[in-house]
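To start, the structure under review is shown below, and the notes come after it.
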Amino acid sequence: MKPSLLQLIALATFSFCLFPAAVAGFGSGDEAERPTNGSDVVVTVDDLRRLGLPKLNKTCRDYYQSGADQEQTLHENTAAFKRWRLLYRVLVDVLSRSTRTTMLGQEVSMPLGIAPSAMQKMAHRDGEKGTAVASQDAGTVMILSTLSSTSIEDLRAAAPNATLWLQLYVFKNRTVTEELLHRAYCANFSAVVLTVDAPTWGQRIVDVRNAFTIPEGITLGNFDRSVYSNFDMTNATSGSGLTRYTNDFFDQSLTWKDVLWLKNVTSLPVVLKGIMSPEDAQLAVHYGVQAIIVSNHGGRQLDGVPSTRRFNEYRPAFQGTDGVRKMLDIFLTEINRTLALMGHSSVHTFKPQDLIRQERYGLL
């Protein structure tokens, strides 16, 4: 089945990486305990980021918010988004509005999903479970990272009704990959998202300087030690331990033929994450994938590539599950309000020409 235009557009919104961060004493819902200066009042996603990041240790904080090399693409992602302008219409009945749409045939509450992010327990003990519960409550999709700190089975148990997709890195040992796919199928995951822009790991300079490792007490939830016994990610002495791990175990020889292999070994819909060129998008259609995610990996792989012209900041959440829930509520409220102010009653009436570049605005 060829991916529809709606799928290609909707799935491009998976640009929000949610990192739960413990912010003790906030987000409890007790309004009476808030300081009068309002500094802890969460109104925007930037508030969550401002309150969450200081609670992380330096290594984790740097890992979450850094990009590759000189971070040109990382910063351009945000700058490019800020150059978009909205063209609104007036005198339109917007009394009743809907943000609902579908992704891969499944109804979701908004055209926004939670992108895969690794090892979320580094930031909060809830980890991926908190993110899954919040996405379940919000009625949208969560993509679980291959390198999650919570297993596929434990995530499903925590959020039995959540719409879950599995992000996939292909291991050199294909048996490991096939087992992951089988477990995802048995846990009622709805799709597999193959990351295609990471044949090797990008150089994240701060991770190298910090000799990044997984903190003590946190493990890769989907694997036991036998899978990576010849390399201990917790004891790097120089450079990034994660880089060495991925280069040791991930298959760097993937081609389009491996997309056919993947479609043959799983009955789940296949999505490709990391498409940036029209030619690759056309090849994705040719090889029969269900959808693509337009992404430059948040500027964390190859520096100097064009921005995806979308918002791509990192979003530390606010007190675990409650924080992710609060964040999704902020996004849903913002989308709903923007629809009204732009003269739309549904996300389906929003057209590409309603979004224009800043440099063209004066020509209208």
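The backbone N, Cα and C atoms fix where each Cβ goes, glycine too.
Listed features, source TrEMBL:
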SIGNAL    1-24  signal peptide
DOMAIN    37-364  domain 'FMN hydroxy acid dehydrogenase'
BINDING   Tyr63, Gln167, Tyr169, Arg204, His297, Arg300  glyoxylate binding site
BINDING   Pro116, Ser117, Ala118, Ser145, Thr195, Lys273, Ser295  FMN binding site
ACT_SITE  His297  active site, proton acceptor
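On the structure: features taken from TrEMBL.
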residue: Tyr63; record: glyoxylate binding site; DSSP class: helix
residue: Pro116; record: FMN binding site; DSSP class: coil
residue: Ser145; record: FMN binding site; DSSP class: coil
residue: Gln167; record: glyoxylate binding site; DSSP class: strand
residue: Thr195; record: FMN binding site; DSSP class: strand
residue: Arg204; record: glyoxylate binding site; DSSP class: coil
residue: Lys273; record: FMN binding site; DSSP class: strand
residue: Ser295; record: FMN binding site; DSSP class: coil
- Note on the structure: For glyoxylate, with binding residues Tyr63, Gln167, Tyr169, Arg204, His297, Arg300 per the record, max Cα distance (Å, no decimals) returned as 21
- Task: Using only the residues recorded as binding FMN (Pro116, Ser117, Ala118, Ser145, Thr195, Lys273, Ser295), report the maximum Cα-Cα distance in Å, whole number please.
- Result: 16
- Rounded to the nearest Å, what's the C-alpha distance separating Ala118 (FMN binding site) and Tyr63 (glyoxylate binding site)? Just drop the number here, would you? 10
- Message: Please list, in sequence order, the residues in the chain of Thr195 (FMN binding site) that are at least six apart in sequence and whose C-beta is under 8 Å away from its C-beta.
- Response: Pro116, Gln167, Leu168, Tyr169, Lys273, Gly274, His297
- Query: Roughly how many angstrom lie between the C-alpha atoms of Arg204 (glyoxylate binding site) and Ser117 (FMN binding site)?
  - Reply: 16
- In whole Å, how far is Tyr63 (glyoxylate binding site) from Ser295 (FMN binding site) when you measure between their Cα atoms? 19
- Inter-residue C-alpha distance, Tyr63 (glyoxylate binding site) and Ser145 (FMN binding site) (nearest angstrom): 15
